[in-house]
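First the structure, in the form of structure tokens, and then the observations on it.
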Amino acid sequence: MSTQARIRSRELRDARAAAERRRRKRNRAIAAGGAVVIACLLIAIVVGLVNAAGSGDSPTAAAPQGKAVAPAIATPGGALAVGDAAAPVKLEVYLDYMCPFCGRFEQANSGELDRMVAEGTVRLELYPLSFLDRMSDGSQYSTRTANAVATVADRAPGKLLALNTALFARQPAEGTKGLSDGEIADLARGAGVPEDVVDAFDDRIFQPWVTKSTAAVFETGIEGTPTVKINGTVFTGDLYTAGPLTSAVAAAEDAR
Amino acid sequence: MTTPLLTRLHGIRHTDGWIFGTMLLSACLSLAASFVLSIDALRLAADPGTSLSCNINDVISCGTVATSWQAQLFGFPNAFLGLVAEPVVITIAVASLGGVRFPRWFMLAAQVVYALGLVFAYWLFSQSMFVIGALCPWCLLVTVSTTLVFATLTHVNIRDGNLFLPPRAQAAAKRFIDADLDLIAVTIWILVLILAIVLKYGPALLA
């Protein structure tokens, strides 16, 4: 091998080694950057978890303690009763305004329910529950809507079913914050609730009652929403198409 | 010092045992989740009334994921795809652990098909996260384990040159793997997933 060739091959080797060193250095830098990103993500996850735990706990802690004022038309069991007290059929509906299937039940049956209540066939007892508060990204949507409904039940009971329908018509998706207090107030105004009653939503007067009756309802063995009882017996038919519930109510009426 | 330990870990990470072991575990998790989801889907089909409710004891969602149209994109529950595909992955992983070497075209085909599965898993994830708005823990397990299977499959295929890449690309991919940058990328990826879930569903999970 000539001297020249030897020099050339050595230069080549050196260049390769240098390239390899550069590559190593660059990879090490990328790895270090990656490690920093991983550390940041871990911190963000921990912070997110701590925040979530905090926001999950505080509403319950902040809930007003003490005596729960019940709406005027509330039953001892925690329901809002509408319709003729002497009606032959008592229909109990357990619902949560965040519950998507309660929305489907409402869509299918609200027309029939309104009619049967107006005719005096049915005494409707609504249980607005708040157990799906956990599904509204910390905004306590279930409690806020249940309080609004209870306030209307107390002071403008004639508008209760209209607000109930309006809330389900604009039902938010699970896991979202849901409607704001202002939007709930607008819905109530749209349903014909007087202004002074709408203004009282913000006072959260019936929030303790909602909390208390939700707990009381689950004590009675209700496992989920929507649950519908006809004269005290759970209705096991199809809740999501119009008709079956109406027939069952008619049958219950005939049975008396 | 820690350097010998790191070198040893680095060595272990590129062994068949580690790669196919991880693949096997992830595929088993995915299969288990698919199984649970399939059974749920069958129950739901048999008895739609009882499942269409918000149970007080279900911490996460009201079952809206299972009843969405996205849950049956091809006319049958998506989870059935997992029941069909994951046993194949398990077979590949177990055979490879036992020393079997599959032809290059076979591994390339597995990579391509699994990439489709990965795309599908992430489409479902984004749908449940941004459209349906409800969380489904078993679906999340599928998303994470599908990611891990894909990562290990890619790892081994690059290591063994199964992807019919041009020489330059193959060399670059090999260097990427040798520098453990894929490990960092996958770790970041999984952590981003976890962060997204915590940010969106943290209150629901912890309340």
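Every residue, even glycine, has its Cβ placed from backbone N, Cα and C.
According to TrEMBL, the feature domain 'Vitamin K epoxide reductase' maps to B:16-157.
Feature annotation from TrEMBL assigns transmembrane segment to B:18-39 (among others).
Same-chain residues lying 6 or more positions outside the transmembrane segment (B:79-98) and placing a CB less than 8 Å from one of its CB atoms are 16-17, 20-21, 23-24, 27-28, 30-31, 33-38, 41, 110, 113-114, 117, 120, 142, 149, 153, 156. Residues or ranges marked as transmembrane segment in TrEMBL: B:79-98 (among others).
For B:105-125 (among others), the entry in TrEMBL reads transmembrane segment.
According to TrEMBL, the transmembrane segment annotation covers B:131-158 (among others).
When Cβ-Cβ distances below 8 Å are used as the criterion, the transmembrane segment (B:179-199) is approached by residues 10, 13, 129, 135, 140, 143-144, 147-148, 151, 154-155, 205 of the same chain, each at least six residues removed from its ends. Positions annotated as transmembrane segment by TrEMBL: B:179-199 (among others).
Away from its own ends, the transmembrane segment (B:18-39) comes close to residues 12, 66, 77-83, 86-87, 89-90, 92-94, 96-97, 138-139, 141-142, 145-146, 148-149, 152-153, 155-156, 159 of its chain (Cβ-Cβ under 8 Å, at least six residues beyond either end).
Note: the domain 'Vitamin K epoxide reductase' (B:16-157) comprises 108 helix, 2 strand, 32 coil (DSSP; helix = H, G, I, strand = E, B).
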